[in-house]
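What follows is one structure encoded as structure tokens, with my remarks underneath.
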Amino acid sequence: MAALSVWFWNERFWLPHNVTWADLADPAPGVEYPKARHLLSALPLALGIFAVRILFERFIASPCAFLLHIHAASVHWRATPNTVLEKVFTSITKCPDSRHLVGLSKQLDWDVRKVQRWFRHRRNQDKPSILTKFCESMWRLTFYLCIFTYGICFLWQCPWMWDTHHCWYNYPYQVLTPGLYHYYVTELGFYWSLVFSQFTDIKRKDFPIMFIHHLATVSLISFSYANNMLRVGSLVMCVHDASDFLLEAAKLANYTKYQRLCDFLFVLFAVVFFITRLVIYPLWILNTTLFESWEIIGPYPSWWLFNSLLLVLQVLHVIWSYLIAGIAYKALVRGKVSRDDRSDVESSSEEEADTNGTNDRGVKMAFSPKVENGTNGTNGYAVTTITWPQQIRSSSSHW
């Protein structure tokens, strides 16, 4: 393990030329540089955040939901116990196509519509209630808004907020301040809590994507901390936090059936997303990490790694912006923003439509917005709806 640690934390990779880890020892009593061991405090903090979330959802979010007439609805129709269909549901597919439906109807001597209905009812048994989703979104809204407010207040007093050259002056000999430490460790603790809570949260179709996203975020925050890139890292986190709380607010408006407010908040989220991810991020963040840092400290191996990851993030910003723009346009021109497609209860008309061309609604929603004319699969009435692609949930990629 010691040899592996020495290999992993190779100074020639992580640090600029002619700098060693010994050079980053504490310069004076009470003054220190960031060290990898500081990140261990994020683990108990993550457990604390998770505990606060449970209390928040129970004693704050739930009462707010009841005041807004949101209650935990029970499943009206439960699937009749059937060993054959349950085995198909758990081990093969939860959304059988027409070929599977015909085969199962012959095997069980059931009508195709009866088999179809069984799978719909079985899926709906696992769907979370609107109350559960409301509490989750309210917690995320609260955290995102608080951490963004803290980040703005902290960075407002920092010189690198106004002149990004300060991100690289005297690098890597930049002293760790308490405010910067708390900002970083709190963000890291929150994403560790998401890694833990994802196994108990609402199960959505993008579970693997979001799990990888959370692990990548944790890794990049950790590496940038250990490499003392906290100044530019704090700017990256603040830019990304700017739009997250607006998306959660739009979800809350949707759950409470304030559709006009939902549409307004989603469009506002889209505008802030475009400004922060397509203007501020490339012109402010990438400019300093690629060009200003090159002039002041020069490139080194980990410099290439971090800048490559930041450029990949910019490509994702462009993709997400395209998806969001399509949804915002349809929300303004054609109809309304519908509920989160990944976990809502299905209606019978939606189920029947699904069997006429695709075998999994999650697959056909994965990479493009979809407009449905007619019956809304979320609530069963006739409107023009716009469903949100699952990638938008992961639009808050950080370091």
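Glycine is no exception: its Cβ is also placed from the backbone N, Cα and C atoms.
As annotated by TrEMBL, DNA-binding region applies to 87-130. Sequence annotations record features per position, and here TrEMBL assigns domain 'Homeobox' to 85-129. Per TrEMBL, the feature domain 'TLC' maps to 132-333. The feature region 'Disordered' is assigned by TrEMBL to 343-362. As annotated by TrEMBL, transmembrane segment applies to 39-56, 141-162, 182-200, 264-284, 304-329.
Cβ atoms under 8 Å from those of the transmembrane segment (182-200) belong to residues 38-39, 41-43, 45-50, 53, 143, 147, 150-151, 154, 207, 210-211, 214-215, 217-218, 221-222, 225, 230, 233-234, 237, 398 of the same chain, restricted to positions at least 6 beyond its ends. For the transmembrane segment (264-284), the partner stretch with the highest count of Cβ pairs under 8 angstroms, out of 39-56, 141-162, 304-329, is 304-329. Over the domain 'Homeobox' (85-129) the predicted model carries a mean pLDDT of 87. In terms of DSSP helix, strand and coil, the domain 'Homeobox' (85-129) has 32 helix, 0 strand, 13 coil.
Within its own chain, the transmembrane segment (39-56) has Cβ neighbours under 8 Å at 138-139, 142-143, 185-186, 188-190, 192-193, 195-197, 222, 225-226, counting only residues six or more beyond its boundaries. Only residues 6 or more beyond the boundaries of the transmembrane segment (141-162), in the same chain, are considered here, and those with a CB under 8 A from a CB of the stretch are 49, 56, 179-180, 183, 186-187, 190, 231-232, 234-235, 237-238, 241-242, 244-245, 248-249, 252.
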